[in-house]
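Features reported for this protein in TrEMBL:
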- 155-189: repeat 'PPR' (REPEAT)
- 298-332: repeat 'PPR' (REPEAT)
- 368-402: repeat 'PPR' (REPEAT)
- 438-472: repeat 'PPR' (REPEAT)
- 473-507: repeat 'PPR' (REPEAT)
- 508-542: repeat 'PPR' (REPEAT)
- 543-577: repeat 'PPR' (REPEAT)
- 578-612: repeat 'PPR' (REPEAT)
- 613-647: repeat 'PPR' (REPEAT)
- 683-717: repeat 'PPR' (REPEAT)
- 753-787: repeat 'PPR' (REPEAT)
- 788-822: repeat 'PPR' (REPEAT)
Amino acid sequence: MAVVLASTSASSRKVLPLLLKPFSTYPLFAFSSISHYSSLTKTLVVDQITRAFRQENLKLLNPKTLSELRPHHVEPILFHLRSRPSSAIRFFEWSENFLGFNHSFESFCGLVHVLLSKRMFDSARWVFDKMVGKFGNLDAFSVLERGFKSYGSNPSTVYSFLVGNYCRVRMVDRSVEIFVRMSESGIPVSPYALSTLLSSLVDSKRIDDILDVYGKMGNGLREEQSLCINVYDFVMNGFFLKDEVEMGFCFHSAMIERGIFIDIVTCNKVIKRLCKGNSIAVASKYFSLIAKVGPKPSLVTFSKLINWYCQDSQMEEAFDLYELMITIGIAPDLIVYSILIDGLFRVGKLEEGHRLLLAALDRGIKLDVVIFSSVVNAHVRIGHLEKGIEIYNRMLKEGIMPTIVTYSILINGLCQKGRLLEACGLFGQIMKQGIEPSVCTYSSLIDGFCKQGNLKDGFDLYEHMVNKGHIPDVIVYGVLVSALSKQGRMVDALKFFYGAVKRGLRPNVFIFNNLIDGWCRLNQIKEAMKLYVHMGMYTIIPDLVTYTVLIKGTTEKGRPLEALILFFQMLKRGFSLDLVAYCALIDGFCKQKNPKAALQIFELMLKNGVNPDITIYNVLINMFFKEGRLKNALELFKKVQDCGPQPNIVTYNTMICGYSSWKMLSMAVQLYEELKRGLIQPTAITFTILIDAFCKEGRMDDAMLLFSTMIEKGPEPNVVTYSCLIDGHFKSYCMENAFELHEEMLRQNVSPNIVSYSILIDGLCKRGLVEEASNIFDCALNQGLLPDVVAYGILIRGYCEVGRLADATVVFNRMLGDNILPDSFVQRTLADYNLQTGFEKELHTQVQAIERGKSQCKREKKGGDRVKQP
């Protein structure tokens, strides 16, 4: 006995730290507990052991108690420690490891009850693994059943725990057996256990067992279970995820054969999930299966699959389903027609979409404003405005009121076609109806005004939009900046741009490209390059257009080296140079009379695998003419005629213009005659080139003969045609004829532009009629035209030549007041007449104003960045 005590004491000292260690390291499982054991007699041994482990103090144990402890006491002690499961598991381990007890199956089951009643699922799983390892396939169901009343644990939780864990250790048959017995006893299985069981059965492709499980979910339990998990959906999804498509189809067919009801709503969910996963082919086969064996497809079934076919541009398959649904007596609804019509328009089948729209209306389907607007937009987008208006009128006839989206689509289409008056009328109709225009509506109208050169009305509408509380987007700002830039009003453009940035505009590359292009048009490459550098301030990365504009501008300015640097920067930054970029560089070198560099770039383009189009050949032909290399021009023209690419009207116009420049008018006329007999018909530009050539040679009768042909047969002469003739009459000293032609142009509703007015001003100035020229200048202003640097330059030169230097200075100051910077012609005029000092002072003032605006914007941006920093 002394030996036993000594041993016990020593062992206790070793084991006690382990026993006293908290069991907080055991995380909880997400199950619920249900189990109870019959009451146990509390003996002295049981009492002392229980008290020692509850207090975590083995010193309370005496040798006599230890000597009387037997394996059959383990279960009662576990029962009395049920309120302290951590102590229970310590006792269980201590009695096994220290006393050498060989725990019984019942003891293991008792400990499982204790742990699950307190939701200690991880610890219970550890006990389960030991139990299975020791007792194998013994019937835990019956043993655990006897303890429910004593331990008060939940049967559903305990048995669900067994179902899940038997699956985990790959004892699926035992799991199925327990599930069946639970179902027969009316005990529901937890969703987790059920999904674990089904997953195991899917993995092992045991369709019959799955059906048995589903069949056992009877006795009122199926509805309860279906609230947690849809067995059919779960199993089908499991098979499809494992790419076991045929197994999924077999499971569906087997359910139908057993007479098990399948809800079509669930089938629709399966189809939706398959389509979203880009498994349209599987979805199609699945649809064929349910159409064959059941359940009967619904309208939703058809609409979902038709929708995905249309999104995948499989219109033939979509219409096969459409025909099938009509055949089996399911009438297509608004949604189906909307999907099909939209799908047809998306693949460019506008006529078919139009017919289907009319068919839907004939069948009494009340299409909504969304589908009508979509159809109108599809027509407008490809330029079929009249068709779009036809659909709009049909919508009104059907009693459907347009929304602001519908109106905006039509206004945009009208503006794109230059029908601004009708667009304004539609805008007025919106306002009368009390419909609030959107930013998109305003944007389309502003763009329309700007494209017609009517910036005043464009900016008035912009102010109206702002006053109405609308916040202009980057598109609106881009349109206005672009319009100002294209008219050369760069000071106004920059002021407006920096003001917009101050109001919160986040500029994009499109706006910067327009500003850069505006400076390049004025040959102010230095200012353009400053903007290019400033793009980095706004973290905007230059794109292909940016570089192309700069390359074109720098080459036209006569700085080919800078153009090449930009060109190689493009290559370094990984841009795949397209024809536009190459063409800009080649054209730039051609204009700078550097044919060698142009041809080297042309060779580089070919080397990089970029096939030249007819535009580049047109540029090269034009270059050869201007460089006096007539033979090269003719050879290249013959090459494109024989080998391609197919010459276009620009090619023929270039050749006619080239012949004219070489005083080879007979060849130009001969090519014009050939052109009339071919597929490509002469344009107004073709006639204008020949008329201008005749005018320059003083052959006004031939010029007027061609002009008469245009009047009689077309094409209609444009403002350039009239301007060439007017200029020709001036040079032939037929001033009366020039003004008569100007009046005729006005009678034909051909609006004069600032160029045509500049020709009149120039003609009058050259004859010393400066006062009349000034009146013409004012007339241009009254017409709403904004004079450019050329018009101002002509008038300034005219005043200088008649000695009215004070008036010339007034006009010059007025030009600067309109924020138009002088070009080389104006600078030379001022220098010739000793007005250079005043010019430099005014120009310096203007540049300072621009720089102040830029500096203020930089400071505000930096200040905003500092505020944003944490």
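All residue numbers here begin at 1 and follow the chain in the order shown.
For all residues, glycine too, the Cβ spot is worked out from N, Cα and C.
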Give the mean pLDDT for the repeat 'PPR' (753-787) on the 0 to 100 scale.
90
Taking DSSP H, G, I as helix and E, B as strand, the repeat 'PPR' (788-822) contains 26 helix, 0 strand, 9 coil
Check the repeat 'PPR' (473-507) against each of 155-189, 683-717, 788-822 and return whichever range has the most CB pairs under 8 Å.
788-822
Best-packed against the repeat 'PPR' (753-787), counting Cβ pairs under 8 Å over 155-189, 438-472, 543-577, 613-647, 683-717, is stretch 438-472
